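The following features are taken from Swiss-Prot:
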REGION    1-42  region 'Disordered'
BINDING   Cys179  Mo-molybdopterin binding site
DOMAIN    546-621  domain 'Cytochrome b5 heme-binding'
BINDING   His581, His604  heme binding site
DOMAIN    648-759  domain 'FAD-binding FR-type'
BINDING   Arg702, Ser703, Tyr704, Thr705, Leu719, Ile720, Lys721, Ile722, Tyr723, Val733, Met734, Thr735, Ser783, Thr786  FAD binding site
BINDING   Leu875, Leu876, Leu877, Val878, Cys879, Gly880, Pro881, Pro882, Pro883, Met884  NADP(+) binding site
Amino acid sequence: METSTTTTLLQQERIPENSEPISTHIHTHSLPPTPPGTAKPSRIGSFHDLQELSSVESPRLDHIKPYPLPPKFSPKSVLKEDLKTPDNFVERDPRLIRLTGVHPFNVEAPLSDLYDEGFLTSENLHYVRNHGHVPRCEDDDILDWEFEISGLVENPIKMNVRDLINDYQQLTYPVTFVCAGNRRKEQNIVRKTKGFSWGPAGLSTALWTGVAIGDLLSAAKPKRGARYVCFEGADKLPNGYYGTSIKLNWCMDPNRGVMVAHKMNGNPLPPDHGKPVRIVIPGQIGGRSIKWLKKITITQEPSDNWYHIYDNRVLPTMISPEESANLPEVWKDEKYAIYDLSTNSAICYPAHEEKVPFTDAPASYKVRGYAYSGGGRRITRVEVTLDKGKSWRLANIRYPEDDYRNAPEGDTLYGGRVDMWWRETSFCWCFWDLDIPLDELKSADDIMMRAMDESMNVQPRDMYWSVLGMMNNPWFRIVIHKEDHALRFEHPTHATLKIKGWMERVKEAGGDLTNGYWGEKAPGEVQEVVVKEPEKQICMTNPQINRKITIEELKAHSGEEEPWFVVKGEVYDGTPYLSGHPGGAASIFGAAGQDATEEFMAIHSENAKAMLPTYHIGTLDEESRAILSGDATKTNDDADREVFLQAKTWSKAILDKKTSISPDTKIFSFKLNHEAQKIGLPTGQHLMMRLRDPATREAIIRSYTPYSDGSDCGRLDILIKIYYDTPQRKGGVMTQALDALPIGHWVDFKGPTGKFVYHGNGLCTINEKERRVRRFIMVCGGSGITPIRQVLRAVIDNPKDTTPCLVFNGNRSVNDILCMEELEELEAANPSRCRVVNALSNPPPEWNGLKGFVNQALVPEYMDLPKASGEGDELLLVCGPPPMVKAVEASFLGMGFKSDDFVFF
């Protein structure tokens, strides 16, 4: 049977359910933990349909392995940001930081999350570099996906993935991928390059399974004179299909480890990583490892593909972005092409904005991070300085990659031979650490580090700026701030747009980041007044255009027909550039009818800004600018009005009281303008709150569902869980700002907002469309109880409303269950209309309720009561942490519910 054969091939050594292989190698260094294995495959992963079709049980990996195995991966889903893009079928992890807007998908993980996963990176957090949309390959077509080997060969080959798996020896080994733009944001702060900003997490490590490319090329028999191997993928872009090349002798050298891969961490390749087949080139920049492979061509010369010539190059530093546009021969010069990675490293802990208290802290702090090199060269030393390079100390280095060299003879993993014992080459990153006494950190201004590889190639002190901003690898520096009772650490940059590091701070203060002293004054240097020169302004308008455009005209072009967008108050027509945009038309559609200033200015290069005059059609009038920006500075001064909330203007209320209901949750009470003033919030909707960040004074805006009933008068109560800063991660900006707000301070409110309104007696509207409900199934966790409670009370408080409500409240511990007594009272008084099921993932021994997560395994036995009655649909109302929401959605979809049966708050 074809289906059985297909799934058998794809499922060879797939990570099985209920299997947790463990590592026997005990590490004494402070290496971030690599979880020993994956308990079970994602049920909403790219291959879940094939899993269910398979009748062949996967081989188990419950024997002991002497090396790290992949971390457990979390369920993913198609994110709302991608729904209007060509990638609307690709499941992704919301933790990944988008670096180029919504589309195309270019992301890195938060640095601490990446480091904490350990040596191997899960599919969830692996960085992604996509030049355009993801080519779509259906699961049923994977084994039939064809690629060819042609050119200067005696035996041209056309083969498919089935042939690749059946006819050639399979290998498995770890490889660290690094984007050539890793740490580019540091260069962009010094001067904007033509590349978008990467933080220091543009790298990841995975186990790859496939065939040595030398085996395939040997079968094709390259002819005399052949010197290069060109690769081309299926991703069609404005300048053709993405392609590149490397040298033939590298491909034929087993030490180089070049592979044609079809598995990642034991599972078939996910869409973002080349599904169904890709090239893996250890030790070289990620841009050479073509995804969605279609062609391998043997040639006498390097690739003439547009992307091989105009990408992944380090041009001489004196060439500016403007000059580079008119130097085609320089771009074609192969000596500027990047292949092997350079020595590079970063400090992961202390994390950005991490604080270490002076009291109740250990006597020393373990500084930790990563390092890597290219071309198979091993990192041989990592050095740390606390005095700007006057003296250095050696760090400890741990090489988890070496554990794979200890694999027993004949060992296989995920269907491939663990082919490492004989290799002298190093394909992966390593981890380093160094204990530094806290007293020494107190007396230092910064921590800097550098790495060296076995060729004695050491990271330079100073940056080598280039037009593409690639291969940035100067010493990694974090600044130490002495505060009242703690040390605060500041990284050079942060991957997100709004979080700044010391480089931005120094530059904004007028410092020269190229002065050889990190923009600061050298000891003994005479203080002089620095006049900060204004940055060179790129003209982004056409001086011959003087048309005034209204908000009505702009909104008429907010769709895919003639999309207009706004940058700095100027209006541009993106229609002529739909086919030429590097990210595809979806990038322009996503900005249609909107003010794209912040995103455009932060992401785009000087060249892109210089192109804007071509598309300039007019200026937004002043009134329209105010409307488009949300009229941010205006508030409603009509204090005597009947209803407090206003949809288009902000209204002020004064903080009157804070009431703690758990260690990290409070009810914030606000006094309205007069005792008879109604809140004005329909059931099921929420409001927006605005206040200023106490440090930056920038506006913080978040949405909340009040604890108060929407018809209450004179007061507004909001239940909020406060996410405090920890040594591992930064807490919630808004919640901590609210917690620090003194009684008597004003806060701005606007609303109502939301797509769902409950009108009573089983009638609701979703996006203004009426819907009859015969039973509510409500699922929440933590402070997600607030919108659920609001709808539940609206039902129960109306004696004529007979709509049954089944509530699943999932939390970690008893202390996390908010409004517990109130919900129990509602259930006891209304058994025919209300049932509350509490579930704890970390219950105490005396807990008698549901144990575990709210999912398909635990929910069905509670679904019968209270029974659904009357006409209409069962509607799921869901609010909680993102991982919980995704798991709940997957579980109920698996139980037969449809996507339009969900309302997510």
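Note that Cβ sites are derived from N, Cα and C of the backbone, with glycine treated the same way.
Because the structure is a prediction, the values reported are computed rather than measured.
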Cys879 (NADP(+) binding site) and Leu719 (FAD binding site), distance between Cα atoms, whole Å: 14
Among Tyr704, Tyr723, the most crowded of the binding-site residues [Cβ within 10 Å]: Tyr704
All-chain count of other Cβ atoms within 10 Å of Pro881 (NADP(+) binding site): 14
Three-state composition of the domain 'FAD-binding FR-type' (648-759), taking helix and strand from DSSP: 8 helix, 54 strand, 50 coil
Taken over the domain 'FAD-binding FR-type' (648-759), the model's mean pLDDT: 82
Cα-proximity to Ser783 (FAD binding site), 10 Å cut-off, over binding-site residues Cys179, Leu875, Leu877, Pro883: none
Three-class DSSP secondary structure - Pro881 (NADP(+) binding site): coil
Set of same-chain residues at least 6 away whose C-beta sits under 8 angstroms from Lys721 (FAD binding site): Asp664, Thr665, Thr735, Gly782, Ser783, Leu818
Secondary structure of Ser783 (FAD binding site) (DSSP, helix/strand/coil): helix
Met734 (FAD binding site) to Cys179 (Mo-molybdopterin binding site) - Cα separation in whole Å: 33
Cα proximity to Arg702 (FAD binding site), best match among binding-site residues Cys179, Leu875, Leu877, Pro881: Pro881
Site diameter for FAD, Å, by largest Cα distance between Arg702, Ser703, Tyr704, Thr705, Leu719, Ile720, Lys721, Ile722, Tyr723, Val733, Met734, Thr735, Ser783, Thr786: 20
By Cα-Cα distance, the member of binding-site residues Cys179, Tyr704, Tyr723 nearest Pro883 (NADP(+) binding site): Tyr723
For the residue listed as 'Mo-molybdopterin binding site', the number of other Cβ atoms found within 10 Å of its own Cβ: 24
Pro883 (NADP(+) binding site): tally of other CB atoms within 10 A of its CB: 15
Cα-to-Cα gap, Leu877 (NADP(+) binding site) vs Tyr723 (FAD binding site), nearest whole Å: 24
